[in-house]
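Listed in TrEMBL for this protein:
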type	residues	note
TRANSMEM	25-50	transmembrane segment
DOMAIN	41-302	domain 'G-protein coupled receptors family 1 profile'
TRANSMEM	62-80	transmembrane segment
TRANSMEM	100-123	transmembrane segment
TRANSMEM	144-167	transmembrane segment
TRANSMEM	187-209	transmembrane segment
TRANSMEM	250-276	transmembrane segment
TRANSMEM	282-304	transmembrane segment
Amino acid sequence: MPNASSWSASSPLLLLWEDSSGTRIFLSLLYAALAISGTLSNVMVIYLVFSFKKLQTTSNAFIVNGCAADLSVCALWMPQEAVLGLLPPNSSSLRSAEYRLLRGGLLSLGLTVSLASHLLVAFNRYVLITKLPSVYQALYQRRHTGCMIGLSWALALLLVPLLPGLWTPGSAQQPPLRQMDGSSRYTALLLALAVLGQTALLLHCYLGIVRRVRGSAKRVSVLNFHLLHQLPFPAAPPPPRRAQRRLSSVSVLLLCCVFLLGTQPLVWVSLLGFFLRPAPPALQAASWLLLCSLSALNPLLYTWRSEEFRRAARSVLP
């Protein structure tokens, strides 16, 4: 059982309440690996989109917005967690309330915009595939796209002062498994409901895409294999329609499964803490770690099946 001072000296997000130095070193290495891989992949996607005109589409604008938000987590927040994991629990850096709030603000800003970008990408593809081209062109003009991206950051900035209260530690006299106060409990509930609602909308969009593609061979031949916003590369002939339907569905379902794996543990841990009793600290921290790891995986989720992205990457990398 961790002692009260070590728990209050750190954040539940850090998984630093363990007394074992081996655990702290392992988690620091994990954060370092996620930080390096996530920073490189997000920077690569942003660079490719800005460097190749074929990739400068509306859907990719939302993907770049998500990558910029993920850099706040991978390039700014995770390296600090990796370094702080090697410090002793009574370190003055860990006890600084201002520094903890700064780290929490970076995390909440990045995660909020990243989750909003997931929904913007899904809705963009849903409108493109299921609605008339005139509807898509009217909705996704350059000005409207910029407003959507700006609103995602404005929403995140409004929530930044609120979310860090979820993981701000209390005084050293409080027990490790302390009950959250009323404000934190309701904040956790609102966070869980917001993520749950966002997940429901995202699944509605992608399942609607799957239904439309499976029922329309013409749409399949146009959307290529990964249901992207662009036409298939002319040099590569499209696969058979039955294979396209199967592989497109697998790609979408895989994306949805990874997203659910990253977000839903936090939702149900938060709901459990509100309606019944707080979950064990290890479970709380693991749910946050899964959510944060999405920031390193998001660039791969949206680009690994895009022939345009692969060709652009091959032209840049040796």
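Even glycines carry a Cβ here, placed using N, Cα and C.
Just so you know, TrEMBL annotations are computer predictions that nobody has curated.
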Between the transmembrane segment (187-209) and the transmembrane segment (62-80), do 3 or more CB pairs sit under 8 angstroms, pairs being 6 or more residues apart? no
Long-range CB partners for the transmembrane segment (100-123) (under 8 A, at least six residues beyond its ends), listed in sequence order, are 11, 13, 59, 62-63, 65-66, 68-73, 76-77, 80-81, 94, 148-149, 152-153, 155-157, 159-164, 167-169, 195, 198, 201-202, 205-206, 259, 263, 291-292, 294-295, 298, 302
Hey, which bits of the same chain come close to the transmembrane segment (187-209), Cβ under 8 Å, at least six residues off its ends? 115-116, 118-119, 122-123, 125-126, 129-130, 162-163, 165-166, 180, 227, 252, 255-256, 259-260, 263-264, 266-268, 270-271, 273-274
